[in-house]
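Written out below as structure tokens is the structure these notes cover.
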Amino acid sequence: MAPGLVSPQPAVSNEAVRSLEDVTASYDDTLRFYLNGTKVVLDTADPEVTLLEYLRGIGLTGTKLGCAEGGCGACTVVVSQYNPTTKKIYHASVNACLAPLVSVDGKHVITVEGIGNVKRPHPTQERIAKGNGSQCGFCTPGIVMSLYALLRNNESPSEHEVEEAFDGNLCRCTGYRPILDAAQSFSVKTGCGKATANGGGGCCMEKSGGGGGCCKSGGDDGDAQPIKRFTPPGFIEYKPDTELIFPPQLRKHEYKALAFGNKRKKWYRPVTVQQLLEIKSVYPSAKIIGGSTETQIEVKFKAQNYSASVFVGDIAELRQFSFQDDYLEIGGNVVLTDLEDICRKALEHYGEAKGQPFAAILKQIRYFAGRQIRNVGTPAGNLATASPISDLNPVFVASNATLVAKTLNETTEIPMSTFFKGYRSTALPPNGIIASLKIPVAKEKGEFMRAYKQAKRKDDDIAIVNAALRLSLGDDEVVQSVDLVYGGMAPTTIPAKKAMDFLQGKKFTDLQTLEGVMGALEEDFDLRFGVPGGMATYRKTLALGFFYKFYHEVLAELHAEATEVDTQAVGEIERDISSGEKDHKAAEAYEQKILGTEQPHVAAMKQCTGEAQYTDDIPVQKNELYGCLVLSTRAHAKLVNVDPEPALDLPGVAAWVDHTDVATPEANWWGAPACDETFFAINEVFTAGQPIGMILADTAKHAEQAARAVRIEYEDLPAIFTIEEAIEKESFFNHFRHIKKGDTEKAFAEADHVFTGVARMGGQEHFYLETNACVAVPKPEDGEMEIFSSTQNPAETQAYVAKVCGVEANKIVTRVKRMGGGFGGKETRSVQLAGIVACAANKTRRPVRCMLNRDEDILTSGQRHPFLGRWKVAVNKDGKIKALDADVFCNGGWSQDLSGAVVERSLSHIDNCYSIPNIHVRGRVAKTNTVSNTAFRGFGGPQGMFIAESYMEEVADQLQIPVEKLREINLYSPETNMVTHFNQELKDWYVPLMYKQVQESMDYANRRTAIEEYNKTHKWNKRGLAIIPTKFGISFTALFLNQAGALVHIYHDGSILVAHGGTEMGQGLHTKMTMVAAEALGVPLSSVFISETATNTVANSSSTAASASSDLNGYAIFNACQQLNERLAPIRAKLGPDATMKQIAHTAYFDRINLSAQGFYKTPDIGYVWGENTGQMFFYFTQGVAAAEVEIDTLTGDWTCRRADIKMDVGRSINPAIDYGQIEGAFVQGQGLFTTEESLWMRSTGGIFTKGPGAYKIPGFRDIPQVFNVSLLKDVTWENLRTIQRSRGIGEPPLFMGSAVFFAIRDALKAARAQFGETTLLSLQSPATPERIRISCADPILKRAWVEPKEGEKSFFVSI
């Protein structure tokens, strides 16, 4: 459907609508449910509202909006209900952003506010808060509710169940480890109270070796005892019997047929199949909705409008199942969570051999979406949407299942093999429903069935390719029947017909059979290079690889003597329960009363109970309007005409705002340092996602609908996307930097070897869980305005808002309470939204609010810069590197933003930790028609160091020496050289020491030997190992930014209010700053409070960035406290050492002593001059070393990180708990950057494709290292460190260490290539996605599946 159409007319006659009204005339129109224990009766429910919108609308803002597509879990709530399938009460975690309000009738909705508060937290909330499991806190309520749901359904979960409980939740800050540790405190080693692990006398299953059955099935219960659950000291004990009960009235709730709505939309909720069929007979186009997991996305992102929707989740008849002799029948609407249980029961009922189809279903469901989706999604929904990459549909087709379809007049059985007709079209009659599914059991003997799936990420991800493969053999091992069914290889779920025809009647154990099938599969799936969805070679290798695995799994079961079984192709990589260790004694030597101690994040408990307020949680103001951006849909085009009139005619719409509403034409321009970007496009757009205007309306829904109605005519112009295209067309910004030291030409002439290469890495989406948000409140006098913004940069926000509104900065106050993550993405890009919202508020003189959808945020907010480095290295036979020459290019996007500073930092980090006497490096910023790339944790540092580690790896391979050795030989050291290529001396240099310590702690040498042995004996699975050092310069490279201010007030009662220029985005800055103030003033931590960051308390602040905020603001606060201490010294002397701050402040006030102080700090010594290569660039360097071990499956590209060990030098830590959180979070974010996170653009439109969690994959809970050990450097002195408490900045430095996983994958790939005789140099691009891993191998399957582009053929996606 065209996005421009807002209210399409239903494709049914008025008679049909009338008869629908007749059929549903007796239906009730009142919703009744319970919310956190209180009864709710809604007579006038808005039919278009989701559960999330309803909850937030009534003030329960603990439940967050993170993505609106059910992919991040931030909106998780628990819906307790009587389950008609299991006949028990089930507490379902669900995505409130997808759940229609109609779905909660007769149920009990529990939100994060309903289970506890700061004064009386629930144990789940308390343990996550105190266990440092919440940093920015935006994802925390959803994670708390997932854990709560687990415990409500199973009060003694196993470690494995805890580990898998969060597969529908994402977190961008913590690296997951502390959340899992907190959650595991609720687990029991085994679920039996008698088990020795739980203090019992030994479980009967243990005693009888597992064969004697369970005592619980008999009567003997003498030895049983309650399970002992470990409650950590100082924590609330978890008592299941104190939970919110399921309201007794709901047990008696009578489900009535419901009908409610308005002219635009009507909801129907039949409660019997008969009622449903009556509706379908008179109104065939009524949209049937089960879990709404697909429909809500169509409504939200594809502008679909279903005027009549029928919710079928409460029809008990469609949620039954039965075991028949030769098939299992399941109701079409059984939820997938119940289907898991049914399949487990079916395996017990039919036995392993006959139950193979159910084992296949179980395997596919395990990695199907997250638990929240599985709690509402249904097989009928899966079948009816006919997705070509559905995980279950291939199993249904391959098992020869039959679909039972019902209409009002007849029941028909449709074989699954004939059900899918084309892309998203099926054989279901328009007036029919999927009543049930009959899945045949397998034969007792001679039948084999397996299911396979490969995705970008293991958990909660859609398949790239999946398959269900089944065959039946006679006694002579001849194939009698076969089904090879694939998803992801065509527009529908498709059988491999040629391969199936070939197999029929062949002797299976004959190796010629395998060869024949592989050949036939190549013909079945002859994908062209530019195939929709891309990845032609990879998808083809997966199709062949899955069959190869299947063939050898069957052979292994047949115990075929005659044929050599490739046992190593059998099975998949399985993860262990993850674990990790931290050194909690690292700071003992320098602990003070408060500084140096481990303290949880100051707002953690508020975040865990949903009480912490974010920008969009601010209560709605009177007369407030909602803004929705109208964005360009072309990468480069002239704006021929922009017509907002059709939108202004729609209900609720108040105004259209564009460039004519800015105070002056000049005020439309913004950007730092180069002012080269417009708030609103004028005449021309330069990227897809550039703001053209904003629609204002009375609700967010109305604004969204109206924004789609704005008519825009374009005239397309040529566009540039990639760095390579920009180089070819010489499209650069006017910013050129170089660093030159020594004589590179002479070194190249004299060296034993000269090697060249290219390093290429992609960008990275910030994916902070809270998207950009802003509320602008105009005041009645003098053009004043208050801006509440989710920004790292309040001062710049203030400056540009003043410019847009045509007033001086003193009339504008920017306020930031906290952000739900930032990572650099809200340093400059947040200014764009604030400027537009302020312009709208200024025009209407009414408060305006806008929180971007995830897709809008990704379209408008920029990413980490993709980089290309062309390097040339001179090296001698002894491994000493003599010279480096490099051209470095970054993709800046369509405007300059901070790209110049990013490329500068990459040049200063291109040595990483290696002493290279002669260096000449040059940096350019490519100008393209993509989103304007911006600051992101590391800010060019990781890209520069990636180039460094790439040349180290490739040089070592060509010299044929271990890369660990090459790194060690070339590290900066007092024996060789301690001055960088930008002429800065390294002080307190501990990288060589940590390099040694990490190797010792993880037993690196023995691991290397073990991996070599493993790789010799494993053909398809390979392991790899890497160790990576890092140094990261701390300071803004722009000298003027290295300053900070603070304001400290002491009140009468001895309480202290601190304000400083830094913002809190989860990194724990406010926590550290309160600790600095408490230690300096000699008061308990609880006496110090930071309310917010605002431009009227601390003016002219720098953005919170560059890992320097603790250094800068900490010293500014310390400076203010020193002034106060000087003033209070006489009173302290008079009152004695035991006087409290309350007594001191009280006395001081009556002595008329000023109890407020303003502090200031500027970083000394620094001031680098580009070109001259003089002056000090950084105040100091934060250092670290990380090692990682991985395992890859070369048949699929699947991989896992088996272990990571990290050691960081953070100086004297202010708060080790916060620092550990930063290290773990940065490492996992870095691992994502170099592995799973791939940004792709649509070649057809120039728009970004990866604009939400469905397509863009940040690491999940089960992607982190299986063993994850972190420690801080101790037992050394920091003589030259002159920072607050002698601590080092920690936000950005650990991120690059995630590349240890990338280089370990490269190490494993070298072994994989060597296995098949491929010895050419491997140049691996980042990120190392499963696709890149697979196509970097060199096996015969890959070679035969390779797809070459035909002349002029381009790939479907563009990687910029």
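Just so you know, glycine gets a Cβ as well, placed from its N, Cα and C.
Noted in TrEMBL for the protein shown:
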- 29-115: domain '2Fe-2S ferredoxin-type' (DOMAIN)
- C67, C72, C75, C97: [2Fe-2S] cluster 1 binding site (BINDING)
- C136, C139, C171, C173: [2Fe-2S] cluster 2 binding site (BINDING)
- 260-444: domain 'FAD-binding PCMH-type' (DOMAIN)
- F368, D391, K453: FAD binding site (BINDING)
- Q792, F823, R937, A1106: Mo-molybdopterin binding site (BINDING)
- E827, R905, F939, T1037: substrate binding site (BINDING)
- E1292: active site, proton acceptor (ACT_SITE)
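Within 10 Å of C171 ([2Fe-2S] cluster 2 binding site), as judged by C-alpha distances, the binding-site residues found are C72; the full candidate list was C72, E827, R905. Comparing R937 (Mo-molybdopterin binding site) with K453 (FAD binding site), their Cα atoms are 33 Å apart once rounded. Recorded residues D391 (FAD binding site) and C173 ([2Fe-2S] cluster 2 binding site) have their alpha carbons 30 Å apart, per Cα-Cα distance. Packing around C67 ([2Fe-2S] cluster 1 binding site) is summarised by its Cβ count: 26 other Cβ atoms lie within 10 angstroms of its Cβ, all protein chains included. Within 8 Å of the centroid of the Cβ atoms of F368, D391, K453, where the record puts FAD, the same chain has further Cβ atoms from Q364, I365, R366, Y367, S390, L392, A451, A455, A463, N466. Cβ environment of C139 ([2Fe-2S] cluster 2 binding site): K64, G66, C72, G73, A74, N169, L170, C171, R172, C173, L769, G820 lie under 8 Å away, each six or more residues apart in the same chain.
Comparing CA positions across the recorded positions F368, Q792, F823, E1292, the one lying closest to T1037 (substrate binding site) turns out to be E1292.
Listed in sequence order, the residues of the same chain lying 6 or more apart from C75 ([2Fe-2S] cluster 1 binding site) and placing their CB within less than 8 Å of its CB are L52, T63, K64, L65, G66, N95, A96, C97, G142. Sequence-distant neighbours of R905 (substrate binding site) (same chain, 6+ residues apart, CB-CB distance under 8 A): F939, G940, G941, G944, G1033, T1037. Neighbour list (C136 ([2Fe-2S] cluster 2 binding site), Cβ cut-off 8 Å, at least 6 residues apart, same chain): R172, C173, Q607, Y768, L769, E770, R818, M819, G820, G821, G822, M1065, G1066. Taking the Cα of Q792 (Mo-molybdopterin binding site) as the reference point, the closest of the recorded positions F368, K453, E1292 is E1292. Looking at K453 (FAD binding site) and C67 ([2Fe-2S] cluster 1 binding site), their Cα atoms lie 25 Å from each other. For the residue listed as 'active site, proton acceptor', the same-chain residues 6+ apart in sequence whose C-beta sits under 8 angstroms from its C-beta are R937, G938, F939, G941, F1032, A1106, S1107, A1226. Note: the CA-CA distance between F823 (Mo-molybdopterin binding site) and F368 (FAD binding site) rounds to 30 Å. Listed binding-site residues: F368, F823, F939; maximum Cβ neighbour count within 10 Å falls on F823.
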